[in-house]
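According to TrEMBL:
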ACT_SITE  S104  active site, phosphoserine intermediate
BINDING   S104, D241, D243, D245  Mg(2+) binding site
DOMAIN    3-137  domain 'Alpha-D-phosphohexomutase alpha/beta/alpha'
DOMAIN    159-254  domain 'Alpha-D-phosphohexomutase alpha/beta/alpha'
DOMAIN    258-368  domain 'Alpha-D-phosphohexomutase alpha/beta/alpha'
DOMAIN    374-440  domain 'Alpha-D-phosphohexomutase C-terminal'
MOD_RES   S104  phosphoserine
Amino acid sequence: MARLFGTDGVRGLANRDVTAELALDLSVAAAHVLAEAGAFEGHRPRAVLGRDPRASGEFLAAAVTAGLLSAGVDVLDAGVLPTPAIAFLTADSDADLGVMLSASHNAMPDNGIKFFARGGHKLPDDVEDAIEARMREPWDRPTGARVGRLRTFEGGTERYVEHLLSALPHRLDGLRVVIDAAHGAASEVSPEAFRRAGADIVVIGGEPDGLNINDGYGSTHLDNLRKAVVEHGADLGVAHDGDADRCLAVDARGEVVDGDQIMAILSLAMRDHGTLAQDTLVTTVMSNLGMFQALEREGITVKQTAVGDRYVLEEMKASKLSLGGEQSGHVIALDHGTTGDGVLTGLLLASRVAETGRSLQDLASVMTRLPQVMINVKGVDKNRVDDHEDVQAEVRAVEAELAGTGRVLLRKSGTEPVVRVMVEADNEDRATEAAERLAAVVEKHLAL
């Protein structure tokens with residue numbers, strides 16, 4: 001049976017996969033697993049609950065609330081806020097548990113459930129497995145005064161905005177910034193934070209109605225932001241996804257600045273400020289080789305992890321590092337938060353523009369993105385890709401041809417019989433030719 005929890009909580013089609021019954025059962029099980037681990041010992045337990053604006057979040061919030069209250073956990077309902085805000089408020093209010101209802105960048109019909117432990121950290125895999133195992137098991141129901149109570153989390157938005165502003169090394173006075181909030185969870189807090197930091201702002205995708213989240217706006221739909229930045233003569237634009245745990249940017253010409261470029265810019269900024277721990281950045285194997293080359297020239301070490309921000313965070317914590325992220329725009333500044341924070345990332349990027357007086361285009365030019373070609377080879381035995389001699393021989397041949405001017409990566413899909421072939425090279429034709437060669441070899445030898 002497939003594991004219920006994915007790399008970022010439980011996610012699926014709301015009211016079909018992610019139902020009220022599932023939300024209630026998960027919440028009860030989470031409360032009991034944490035209680036048995038001693039997390040609630042000696043005090044009355046509390047949970048912070050938040051959601052993005054999608055319509056299904058309303059019934060899921062009711063179900064999660066019912067589950068936690070019935071398990072004896074008080075609930076502080078923070079309403080619609082970004083995922084990193086719920087992580088922050090869980091830590092800041094010394095709550096025992098945080099729950100965020102969101103499907104991030106997915107379309108409106110989907111939704112998801114994500115848990116945070118005390119301190120605002122994502123639950124480890126073994127705790128998620130224990131929660132899944134405890135679902136629908138009999139449990140001791142509290143009665144009388146031991147049942148949980150529901151309260152509104154007063155002032156949560158203000159506390160989060162103040163936290164964001166406290167992280168800025170330089171104000172944004174004189175900058176014009178276009179914010180694309182994806183009609184999502186950051187529709188209120190991102191404009192408020194940028195405005196209070198001194199920026200002249202233009203907001204698009206900032207009118208959530210429960211049905212329009214990620215619909216043509218946000219970090220996966222950048223065309224409207226690119227047009228708006230040019231139309232309004234802005235210095236830069238920032239785009240969030242539905243729960244605002246990521247950020248991509250656009251320079252004054254309307255050109256996209258991706259997560260790799262953002263991480264390169266912030267790495268140099270933090271090094272200059274003495275806050276880049278061990279002069280090291282953590283990113284995944286999917287980051288562009290151009291970023292590795294640029295940071296190496298600047299004397300900055302780059303550590304690689306498997307794909308997924310949870311693996312980036314694990315390495316950051318294990319090695320005591322302060323900055324990490326992904327090409328997709330998940331950027332973690334561990335001195336200021338426990339998870340990717342799209343609003344904070346956008347603010348830090350704009351702060352660097354304001355501090356240096358340089359354009360975002362100029363700052364991003366520190367690295368040159370190598371052409372990157374990805375081919376998904378479907379219907380193959382993905383588990384043989386790492387040890388099939390013919391496949392690996394072709395990989396070695398392509399790597400020898402690239403001879404330090406590019407790289408090859410073959411990755412197994414976590415959920416499908418798919419191998420992802422990625423090639424970077426010094427020109428797109430060369431990358432495409434190599435990727436197609438490798439894909440053909442994978443298909444020939446690993447077809448099911």
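Every residue gets a Cβ built from N, Cα and C, even glycine.
For D245 (Mg(2+) binding site), other Cβ atoms within 10 Å of its Cβ number 33. Using the Cβ center of S104, D241, D243, D245 for Mg(2+), the list of other same-chain residues with Cβ within 8 Å runs, in sequence order, D52, P82, T83, S102, H105, G184, A185, H240, G242, A244, R246, G340, G342.
D241 (Mg(2+) binding site) falls outside any helix or strand according to DSSP and counts as coil. When pLDDT is averaged over the domain 'Alpha-D-phosphohexomutase alpha/beta/alpha' (159-254), the result is 98. Cβ contacts within 10 Å of D241 (Mg(2+) binding site), excluding its own Cβ and spanning all protein chains shown: 35. Under DSSP, residues within the domain 'Alpha-D-phosphohexomutase C-terminal' (374-440) fall into helix, strand and coil as 30 helix, 19 strand, 18 coil.
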